[in-house]
Amino acid sequence: MPENKNDKENKNDKENKNTKEEKKKVKFSNIIWVYIIFAVFFIGALISLNWENNPIISYSEMLSLINDGQVESMKINQNGNVEILSKDGTTYESFSPALVIDKQYVNSLIQKGIKVEYVESVGTKWWFGLLINIIPIVVMVLFFFWLYRSASAGARSSMNFGKSGAKKYEPIGEKVTFKDVAGIDEVLDEIEDIVKFLKNPQEFQELGARMPKGTLLVGPPGTGKTLTARAIAGEADVPFYYASGSDFVELFVGVGASRVRDLFKTAKENAPAIIFIDELDAVGRQRGAGLGGGNDEREQTLNALLVELDGFDTSTGVVVMAATNRPDVLDKALLRPGRFDKKIMVGPPDVKGREEILKIHTRKKKIAPDVDLKLLAKRTPGFVGADLENLVNEAALIASRKKKNQVEMSDFEEAIDRVLTGPSKKYRIISDKEKKILSYHELGHAVLAYLLPNTDPVYKITIIPRGAGSLGSTLQIPEKDKYLIKKSEILDRIVVALGGRASEKLVFNFATTGAKDDLRKATDYAKSMIYRLGMSKRMGPVYWEGEEEEIFLGSELTKQRNYSEETAKELDVEVKKIINSMYDKALELLKQNRERLDLLASYIFKNETIYGEEFKKLMSKDLEELKEYIGGEKEINEFLKIDVVNHVNYQPV
């Protein structure tokens, strides 16, 4: 008769309890042996400290002491050993059998005032000597016995070395369920079948259907792959065994394979159950691509995993799940149907998903009424679940730092800035000369972003230093999520990226290091157009990006180039052509709006930060109205008088 679920759980709990009790006994026994050895050494040290080492004198020296009247008392035993106490308190030992026999001489000693006493033993007690001889032997015996026990324990430990290190997930407090997962509704729809199968497998088997043997969750870090697996365990209410891929790989060949077999054995014994392997790429990388024989252990572990996935019966009720953010390096045999035959993409959430995730993470926070989660979701494109959780926590920390009772919208906006660009450098002192350069640089980006039709709206312009190397920033946030980008949009993005350098050229006629990141972005956009997207008329709709050569277990060491040197030169020429033409366009647009650029630069020089709504109003005003709004001619002239060229050593363009 097969065991029911409760019997199996009771059996498993009993085994775990017995294992814990055995560990406690072994630990207690080891402590006792340590105390015994310590006690033996302590007694030996105590005996050695109390050892009476009296000086031994000859018979003639003893007679000399007696004749000189220096003896206070004498103790004599039947063997002729004599203990002499002198009047100055010194104790001597000597040997004189005659004192045992010659009673007359002893009487003469008594007449001289010497106290004479016959005793059984003289000097060092007999058991002291016995202990001194026995203690080293006892210590050696105990030491070797302890070594023997340690070796036995080591043998037992080595027997357990191949045991799986997978942990059984036991939630503390409330279980994680699908209510705690948001922003990935399509993923939850896909994995709902797994929960139904674990709860009622007969429903599937009656129709002749089988569950996929392995389900692979694929997606960028922080999208909720592990959280999804925990939610499945909470919904299905079955044992959930989880391990990291790195837990299986050890120094010794064969250990990882043994752990894989042990994990599947444990799961089968407690079926229905879920096995979840996080970071699968640590153990499931491509075989046979290594530069040497150092990956034998990894390959054996992978082979064992392949056998277990293909070898166990799906009717046992064991579901295998895994997560990775590097599906490109996984072994092809691992992904074939019959193993991890169901792949679920867990991507970044859209704006609606981000709003739902923010609702979950703000449930237990004291949120002010002015907080608009829908607006926050729009302002955080590209954020994944982990980023949003960090954002909410950062906002709560900011509010706490300001001694607020609730987390306000301003705290969330500051948290967005901290997450995107790092904390503000409040105590970094920037000279007026460099501040003026930063003002023109950032306004160069912002003005072009406003003028060009295919760019995202400006959210914030600031010349406050943030993070490691950012002296200022112009943040643009899309109004909605985009999945396709037109060529005209990419070109406009390049123009905006080059706006800072173009503004420096136009106003100061020199270049600064502040445009380094802008140039990298512009170059990446241009290379993508030519090498990967086929957006060049001259080079045609061809994908020129080289194939990645996976030299060592999927790591990208080089890229194989499948075109000639002449073609490579032509590709580089096309990239430069795009960059140069967009730079010229940026310069021309800024020239046409030079007066507005000066006015806005003086405004941000004074205020340091301009938000999107205010920036739109400033750009929509006519020049006279804008000049009056900023503060009039006097304020603008003071800003323009700041001499930058003669005081700052910058490289001319």
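Quick reminder: no glycine exception, Cβ is built from N, Cα and C everywhere.
Of the residues ASP517, ASP518, ASP524, Swiss-Prot puts just one in the Zn(2+) site with HIS441, HIS445: ASP518. GLY219 (ATP binding site) sits 37 Å from HIS441 (Zn(2+) binding site), taking the Cα positions as reference. Each of the binding-site residues GLY219, PRO220, PRO221, GLY222, GLY224 was scored by the number of other CB atoms within 10 A of its CB, and the lowest score belongs to PRO221. Report note: the ATP site is defined by GLY219, PRO220, PRO221, GLY222, THR223, GLY224, LYS225, THR226, and the residues of the same chain whose CB lies within 8 Å of the CB centroid of those residues, excluding them, are LEU217, ALA323, ASN325, VAL346, VAL384, GLY385, ALA386. Every protein chain shown contributes to the tally, and the Cβ of THR226 (ATP binding site) ends up with 16 other Cβ atoms within 10 Å. In the predicted structure, the topological domain 'Cytoplasmic' (148-653) carries a mean pLDDT of 82. Here the candidates are the recorded positions HIS441, GLU442, HIS445, ASP518, and by Cα distance the one nearest GLY224 (ATP binding site) turns out to be ASP518. Taking the centroid of the Cβ atoms of HIS441, HIS445, ASP518 as the Zn(2+) site, the other same-chain residues with Cβ within 8 Å of it are GLU442, GLY444, THR474, ALA497, LEU498, GLY499, GLY500, ARG501, SER503, GLY514, ALA515. Counting other CB atoms no more than 10 Å from each candidate's CB, the recorded positions GLU442, ASP518 peak at GLU442.
Rounded to the nearest whole angstrom, the C-alpha distance between PRO220 (ATP binding site) and GLU442 (active site) is 31.
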